[in-house]
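Annotated domain 'HTH tetR-type' per Swiss-Prot: 10-70, in sequence order. If you look up Swiss-Prot, you'll see 33-52 marked as DNA-binding region. Sequence annotations record features per position, and here Swiss-Prot assigns citrate binding site to 79, 80, 130, 134, 185. As annotated by Swiss-Prot, Mg(2+) binding site applies to 181, with the evidence given as similarity to another entry.
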C-alpha cells in the first residue's frame, strides 16, 4: 500500500497510530502482524516503520500517548471519576484493550517493562499530585500515606480495566466505585 501524495508526515504518523490502536485492540500485540497493521492503517510497511522503527516502538508510542491522555484526565477529574467514565461510556476509552496488552507485555517481556516504566511514571505522577492536592485541601484521609492510597487506587484500576475489557458483568461496579471513593476520603 502506498501513502497518498500530499500526506503530511504528521497526519501519516497519526493515521498509523489510530489504525494500529484498532489493530492491537482487536488482535493483541502478538496477533498484530505487519500485514494486519498495513491493512488497519492503510499504510505500507515502509511508511509504518519509517515513523516507528519496529512494532514494539509503535506499540510503545501508543502506550506513551495513552499514558499522557490518561494522566491529563486523572489530573482534572481523579482516578475514581475516570473509572466512572469508563463504566458509563467504555467506547470513549479506546485505550482499555491496549492497557491489557501492556499488562501482558509487562509480564512477559523484561525489555518492554524497562521501556514502559518511563511512560507509566507520567500517569503515576498525575495520580500522586492529585492525591496530594486533595490531601492539602483536607479531602483525603491522613492515616494512610499517599503512596499507599496511590497503590490501592492503581490496583483497583487494573482490576476494573480487566473486568471491562474482558466483557465481564459490570453489575455492582458503580457501588464498588462509591466504596473506593469513600475509603480514600477523609471521614466527615
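Note that Cβ sites are derived from N, Cα and C of the backbone, with glycine treated the same way.
All features noted in Swiss-Prot, drawn onto the structure.
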| residue | record | DSSP (3 states) |
| --- | --- | --- |
| 79 | citrate binding site | helix |
| 130 | citrate binding site | helix |
| 181 | Mg(2+) binding site | helix |
Length of the line joining the Cα atoms of residue 134 (citrate binding site) and residue 181 (Mg(2+) binding site), in Å: 12
Output field, citrate shell: CB within 8 Å of site CB centroid, site 79, 80, 130, 134, 185 dropped: 78, 81, 131, 139, 140, 153, 181, 184
Neighbour count (Cβ, 10 Å) for residue 79 (citrate binding site): 25
Cα distance (Å, whole number) from residue 181 (Mg(2+) binding site) to residue 80 (citrate binding site): 7
Helix, strand and coil totals (DSSP H, G, I; E, B; other) for the domain 'HTH tetR-type' (10-70): 54 helix, 0 strand, 7 coil
Alpha-carbon spacing, the residue listed as 'Mg(2+) binding site' to residue 130 (citrate binding site), which is rounded to whole Å: 14
